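Features of the protein shown, as given by TrEMBL:
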DOMAIN    36-63  domain 'C2H2-type'
DOMAIN    64-91  domain 'C2H2-type'
DOMAIN    92-119  domain 'C2H2-type'
Amino acid sequence: MRKETHLGFQFKSAYFSVFVEFGTDLQFFRGEDKRYLCPVCDYSSLALTNVKRHVLTHTGVYPYKCALCGKGFRQKRDLDSHRMKHSGERPFKCHVCPKSFTRKEVLKTHMISHFRNDSLS
């Protein structure tokens with residue numbers, strides 16, 4: 001855990017729970033390469049929203065809860081995908097084989113495997 005920032009003050013995990021619970025605006029300073037920096041670790045991103053989402057990994061807070069089983073998620077898209085596991089819905093279907101998926105990005109990765117298999121033949 002990073003104890004000092006370039007401003008010289010210390011961050012503790014208690015600050016992040018305040019940020020999450022009360023919406024206190026933490027400062028995410030840009031480094032020399034114009035990337036926003038996580039105040040706790042070495043993570044950085046060009047997008048401030050990515051760093052704010054990342055900060056949740058240091059808090060243990062999961063703001064999106066499944067109403068059926070209580071499992072928590074940091075991102076709404078992960079909760080939406082999880083709900084499909086309860087319903088059995090798999091809207092992203094492969095056009096090459098009978099497989100289907102709950103997330104579009106998983107289907108894209110799967111499709112690459114078909115193209116690799118074709119090129120190896």
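Backbone N, Cα and C atoms are what each Cβ position is placed from, and that goes for glycine too.
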**OP:** Please average pLDDT over the domain 'C2H2-type' (36-63) for the predicted structure.
**Re:** 85
**OP:** Could you give me the DSSP helix, strand and coil counts for the domain 'C2H2-type' (36-63)?
**Re:** 11 helix, 4 strand, 13 coil
**OP:** For the domain 'C2H2-type' (64-91), jot down how many residues DSSP puts in helix, in strand and in coil.
**Re:** 12 helix, 4 strand, 12 coil
Original post:
What are the DSSP helix, strand and coil residue counts for the domain 'C2H2-type' (92-119)?
Top reply: 16 helix, 4 strand, 8 coil
